[in-house]
Amino acid sequence: MGEESVTHRTTGSVLLSPVSDIVGVPLDQVNFLVCQIFGLALAFWFRLSLSHRRVGPVVRHAVATLLGSCFAIFCFGWYASHLFILVLACYAIMVMASQHNIQRYSMITAMGYLTVCQVSRVFIFNYGILSTDFSGPLMIVTQKITILAFQVHDGMCKEETLTPEQKDQAVVSKPSLLQYLSYNLNFFSVLVGPCSNYKDYEAFIEGRHLQHRLRRPGAQGTSVQNGWDKMPSPSPVGAVGHKLLICAGCLVVFFSVTKAFPIAYNIDPHFISETPFPTRLAYAFVSIQAARPKFYFAWTLADAVHNAAGYGIKGLNEKGEVSWDLISNIHIWEIETATSFKKFIDNWNIQTGIWLKFVCYDRASRYRTALTFVLSALWHGVYPGYYFTFLTAIPITMAARAMRKNARHHFLSCSVLKLSYDGVTWAATQLTICYTVMPFLLLAVEPTMQYYRSMYFHVHIISVLLALSLPGRPRGPRIPPHNLNNNVKED
């Protein structure tokens, strides 16, 4: 009984406790959902009543910041002070540090503060994911603080030292305090993110995003606005409605399927001792698949909130329609049909992948893949399961690259071979993902080792053998791969 009371206590608002009791959902989840639904309504109001055509950027920044701060306090109570402390401390670094050290000091401070909070969460709460788990918003703020620090640093560097992407995203002047607070604490993203590019956010607040995004190539390399600057802003209702339908579907799957296949059953002693290996492998696959809808729900709803405010226009798609996927965090179809480890990663938690690439992968001179996975593990927290997951992913990534380079071109000669290859690689990818992310959900060392022993460490063994035995370059003629997502480049 004592443990149960610890699990469900909260420092956030208890106003909705009766609702939590009635529906049987933890209070933190009720608070989060109510804030996001209220945020969705506020986002429509923000777009219509506080349009950039009606009010100036200062008002839009101030309202977005105030509402975001209220959401944080409602959900986390005094724990929300961690967000404010970190943001203000890093703004002081932004103002006072030299251009050569802004990114270093900001990274050390943000990651250090986040890690201290994560350590306290493990040692004080003893693996209990409490209702007052404020680490999610703190993780998003850490991403925003560090990526903006690197962008400001790039804005002060010589252009010839930057990559085209770094040059495009460079911020040439330091943001004001209000701009900094708004970017980090706005109500669209304060609870679940995602992290977005500062220049995109500032363009949205100032009303320049349409001119930047909705244009087509003109004669002699010029750009034509397609008349969007003279027309009302495109309506997000269709995009928001579509994403809310996805959220509804995720809820149905969660309540009907997810709870029927608990992750913990994978390490049940009776299940391990009495069940054949293929059956245990199949259950691991189903239970991991069933665990995904809660992530799909949270990220898709957050995307819808941004879109409702008018933020998230990526450009025009191949049909000439407005695409609202600029800050989408997942591509569900691409995840479920992924035929490679890389393709899965590129479509899962997309904005975090972009952040890792920008602040680590593109800037490391050696061991880029290993350093990126280590940073990802540190960012997620100090639960041992996170490190098992990301360290396991390193040999898997190396093996998958080697296998693709040496084998794929043999199966491209006809459609039947290609289809067979895709079928095998899909199954291998999905089962490998299950094996890799299981520790991420089990968290602790002993459950993780119990699971891996039950699986005979087969993915570890196969990955290491493939990475060591296959040559780094294909032996035969190689056909260039198509349709690769370039969020993370090959070493």
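The backbone N, Cα and C atoms fix where each Cβ goes, and this holds for glycine too.
Small disclaimer: the values here were computed from a predicted structure and weren't measured.
Per TrEMBL, the feature transmembrane segment maps to 29-46, 58-79, 85-102, 244-265, 424-445.
Contact between the transmembrane segment (58-79) and the transmembrane segment (85-102) is not supported, since fewer than 3 Cβ pairs fall under 8 Å when only residues 6 or more apart in sequence are counted. Within the chain, the transmembrane segment (29-46) has long-range Cβ neighbours (under 8 A, six or more residues past its boundaries) at 10, 12-13, 16, 19-20, 23, 60, 63-64, 67, 71, 74-75, 187-188, 191-192, 240, 301-302, 304-310. Nonlocal intrachain contacts for the transmembrane segment (244-265), taken as residues 6+ away from its ends with a CB within less than 8 angstroms of a stretch CB, comprise 271, 283, 286-288, 290-291, 293-294, 296-297, 300-301, 304, 332, 438, 441-442, 447.
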